[in-house]
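For reference, the structure discussed in these notes is given below.
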Amino acid sequence: MVKTYAERAEIFQNETARKLFQCIERKKSNLCVAVDVTRKTELLDIVDKVGPYICLLKTHVDVIEDFDEDLIVKLRALSESHDFMIFEDRKFADIGNTVALQYSSGIYKISSWAHITNAHTIPGEGIITGLAQIGKPLGRGLLLLAEMSSAGSLATGSYTDATVAMARKHKDFVIGFIAGRKLTGDDEDFIVMSPGVGLDVSGDALGQRYRTPEDVIVSSGSDIIIVGRGIYGNGRDVVKEAKRYRDAGWEAYLTRLGLLKDD
Ligand code: S5P
């Protein structure tokens, strides 16, 4: 039987994973919004509007042109007031020693504010141990990129399988995957977050591919939908779209649990 988010919240070894699933259940939202804009004020404005409808905010902090520490103070305040967690989509991809520095230091000091970050597994297991040195004492969580939504992605087959095997060895820090589908059995608990979700278009001009919330959650067994331009793009009504994706994601979850008819 498919477990509820609340039931799964009890199982995770990692504190961040537990808190995220509790938040999903509390807010009845499995929506992560990806806000890829380049100005502080625009980012904060969108986050303030969508905050009530999301469980997780995904950032690309390195695209912000006027980044400063005040942005982090404000994002953290919004995360408290609207009750969501923060995922910096840094996609680390280097040797352990380097990623530990990139995670903790430099201008962004990602480990000091992002509850969750992610990494490619191309460098091998050292990338996880390097990031864990910094993130574990802070109770942070790591996602591994096991698959990608973009056309022609090389993260398939044995690469994806090897990524899952690495995650299994580090369950206290690796909380799950970026992937298009559930990759492990029901007896293991990893969070699956799926990007490339959109209700209106099937892709963009640069290789992105979109699927519906129903497809990723009901058919593919994913846990969290990541939606970017479908919510804030092209003069859209951000609040209306956030509610629309939250509702679609939650309905898909209820369908997966068998509480709604899948028709
Ligand atoms: O495979 C991936 C992995 C990620 S994290 N495909 C993705 O699109 N992403 C991220 O999800 C990407 O970096 C972007 O921030 C977001 C998708 O944005 P959208 O505007 O296409 O919905």
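A Cβ is built for glycine as well, from the same backbone N, Cα and C atoms used for every other residue.
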Which of Gln13, Gln133, Gln208 belongs with Asp36, Lys58, Ser149, Gly228, Arg229 in the substrate site listed by TrEMBL: Gln208
Nearest-integer angstrom distance between the alpha carbons (Cα) of Ser149 (substrate binding site) and Lys91 (active site, for OMPdecase activity): 14
PLDDT averaged over the residues of the domain 'Orotidine 5'-phosphate decarboxylase' (30-244): 98
C-alpha spacing of Asp89 (active site, for OMPdecase activity) relative to Arg229 (substrate binding site), in angstrom: 16
